[in-house]
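Enquirer: Questions regarding the structure given below will be posed in turn.
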Amino acid sequence: MIRIENLHKTYRAADGREVAALADVSLEIGAGEVFGIIGRSGAGKSTLIRTLNLLERPSAGRVLIDGEDITKLDSEGLYALRRRVGMIFQHFNLLDAKTVADNIDWPLKATGHTNAAERAARVKELLALVGLSEQGHKYPSQLSGGQKQRVGIARALANRPQILLCDEATSALDPETTQSILRLLLDINRQLGLTIVLITHEMQVIRTICDRVAVIDGGRIVESGKVADVFLHPRHPVTRSMVAQSDALAAASFDPARVYMKDKLRGTLVRLTYIGDVTYQPILSRIMAGAKVQVTILQGEVSSIKDVPFGQLLLELEGGEDDIRAVFAELDRHQIHHEVLQ
Amino acid sequence: MDLSVIDWSDIWIATWETLVMTGVSLFFTILLGLPLGILLFVTAKRQLLEQGFVYTVLSFVVNVLRSVPFLILLIVMIPVTVILIGTSLGVEGAIPPLVVGTAPFFARLVENVLREVDRGVIEACQAMGIRTARIIFGALLPEALPGLIAAVTVTAITLMSYAAMSGVIGGGGLGDLAIRFGYQRFQTEVMVITVALLVVLVQIIQYSGDRLVLYFTRK
């Protein structure tokens, strides 16, 4: 659906030096996918998402949407593209002078939909979709942050886009409102089969709704993959630190010594991670029943990333070397990943 | 102070003339200044229709016109006014210099007001695939409406004081009255009354403008 090939963006700074905001970024995003791009501020994520509707023009490289290189579009083509790609913003960017209903109507009215009755019906439908049926007559200043973002979403969906770009869409919202907006985005993704590309600095957002994630740092993609994989087995230091900030257990497993005093451990410290159906099967109990190994659970988490169940356990195993090795072999057989920490 | 020496019919005619001069020149000032201000805004750096050369030229012209003191402009404009409307005297004769004097001022105000509109909002409109002209008239100007009304109010008051000044070169209105009677014939009473009337008119304009701004503010 979206293919980004060798994208570069350089700015000329005030002192005349060239600064690279994006350096050789390549990504592929599938239709119907929720794709997250995470990075610290200044990492280039905002520039990256803005190249997808050419609010930002790349210095080099191609952006293909449905096989078409959008950097080659003329102005008519660009207008048409932007109507197929919705966008929502951190600060909502609603028109203060228009009512909620008129805000949603505006992209329809301004892109040549002349039938007022049809537009009114569409606005009503969108208000219902985002749960604001009663608020159509209000002005944005009378709404809460979460409600404003709902208006933003309804407005972005007005022209029935295939792609929705979310530029830090929940960063200005409190955690509870963030969750409700994320749920709404996920509903829309499922109901309408909309492809969603979002950027954020919060791992929690990625965990909640994304299928795949790319980590950007210094204008480069340093890591990407399925969210569960990246979350449970982060490789790049930036990814590790972002995961650690969102999850205490993950943080502990990167640096066990920080949590457990080394000298208190008698056996082997092992971290198990597993994804998918195995999460809800009594595999561990079966393996341990037959093994001559003592197991102590030090810390653990069973949860889900989007709708993929996963678990991670921090275990202390006590027993003979061969017995422990036998346990590891059994774990491997059941696709439970293990990692000896010390 | 002896108010009996005042010819009230003169005063009312002069007040009416002042209102006409202000109103008519305000109309033309907006007619010229609003598009000029919009053009200044959209052609400026990093704006919707960035055009460095156009901006530089327009900005220069506006600055030149604004740097001429109005009293000088009144005199310089006399031949032009005669060509335009046949006379440089009276109410009609005052209007061209008034418009030329205030349109660039108003254009600058418009440019500044438009700059205050949140960039993000304009960007959101661009992201929707809306054409630039539509963004300007459908989003930018409505968003800036309270600011534009405030700019019109300031301009109207400036025009009123300029209109009074045009009395010096034979324009009509309260200024003319104040100069001919209050100054040249030492009728202090006329001076006091005209100034008082100007004060009242300015207050009314400012009050109405403020009310309108409030009415259209949605923030």
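Start at 1 and count along the chain as shown; that gives each residue its number.
Yeah, the Cβs are placed from backbone N, Cα and C, and that goes for glycine too.
Taken from TrEMBL, the feature domain 'ABC transmembrane type-1' applies to B:15-206. Summarising the annotation, TrEMBL assigns transmembrane segment to B:20-42, B:54-87, B:93-114, B:135-157, B:163-183, B:190-209.
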Enquirer: I need to check the long-range neighbours of the transmembrane segment (B:190-209): which residues 6 or more away from its ends have a CB within less than 8 Å of a CB in the stretch?
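Expert: Cβ under 8 Å, 6 or more out: 1, 3, 6, 11, 14-15, 18-19, 149-150, 152-154, 156-157, 160-161, 164, 174-175, 177-178, 181-183.
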Enquirer: Cβ under 8 Å, sequence separation of at least 6 from the ends of the transmembrane segment (B:163-183): give me the contacting residues as numbers and ranges.
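Expert: Residues packing against the transmembrane segment (B:163-183) from afar: 10-11, 14-15, 17-18, 21-22, 25, 70-71, 74-75, 78, 88-91, 93-94, 97-98, 189-192, 194-195, 197-198.
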Enquirer: With Cβ-Cβ distances below 8 Å as the criterion, list the same-chain residues six or more beyond the ends of the transmembrane segment (B:93-114) that contact it, or say none.
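Expert: Distant Cβ neighbours of the transmembrane segment (B:93-114) are 21, 24-25, 28-30, 32-34, 36-38, 40-41, 44, 61-63, 65-66, 68, 70, 73-74, 77, 80-81, 84-85, 87, 140, 144, 147-148, 150-152, 154-155, 158-159, 162-163, 166, 169-173.
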